[in-house]
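Listed features, source Swiss-Prot:
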- ASP79: active site, proton acceptor (ACT_SITE)
- ARG15: site 'Important for substrate specificity' (SITE)
- THR80: site 'Important for substrate specificity' (SITE)
- GLN163: site 'Important for substrate specificity' (SITE)
Amino acid sequence: MSILQKLVLASGSPRRIELLQQAGIEPDRILPADIDETPLRAEHPRSLAKRLSTEKAEKAFASLKTETGYAPSFVLAADTVVAVGRRILPKAETLDDAANCLGLLSGRSHRVYSGICLITPGGKLRQRLVETRVRFKRLPREEIEAYVASGEWRGKAGGYAVQGLAGSFVVKLVGSYTNIVGLPLYETVALLSGEGFKIHQSWLTARP
């Protein structure tokens, strides 16, 4: 990665960091943006994902500009929302949250939306919205209880981690798999490269 190009990730999510690394992108800095993620009244899940990703990117960008010795950087932010119809599911933090989410998702289709927002060093804002449709099998009570006991769901939108045990719940998936994990790679890489970020430079020195 060129020393002239810095990438700041406005998220502390280990999953997003790992996904970027999977694409050969190593953020120069992790700067989580703490914002109020409460949906607005009657806000559509798509709109929520876009709004929160924008607010995260803008907050991180503004914070960077106040720092002494600020170096112009690309700022990348994302937010993932899971919804059944227009009903937005929470990022599960309690056992009840997780059990309620899984009960609602059991045997049904839902959608996973990710808003991606990129602010260039010059302050230009670019955004993408990615949607994935997912259908879960019918989950018996015992399976829900076992999954909740695993703790894997904690902090996850919709109360599950598709890259873990919950991968066995998926009957059908239409769209980006990495979107469900937390960051749609194809769209993220396209957004960065479209604004001149040298995505492939680090690939040249990557070891097999």
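Numbering starts at 1 and runs along the chain as it is shown here.
Cβ atoms here come from the backbone N, Cα and C positions, even for glycine.
Structural mapping of features recorded in Swiss-Prot.
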residue	record	contacts (Cβ under 8 Å, 6+ apart)
ARG15	site 'Important for substrate specificity'	GLN163, VAL181, GLY182, LEU183
ASP79	active site, proton acceptor	GLU37, LEU48, ALA49, LEU52, SER53, LYS56, SER114, GLY115
THR80	site 'Important for substrate specificity'	ALA49, VAL112, TYR113, SER114, ALA157, ASN179, ILE180, GLY182
- Cβ atoms near GLN163 (site 'Important for substrate specificity') (within 10 Å, other residues, all chains): 16
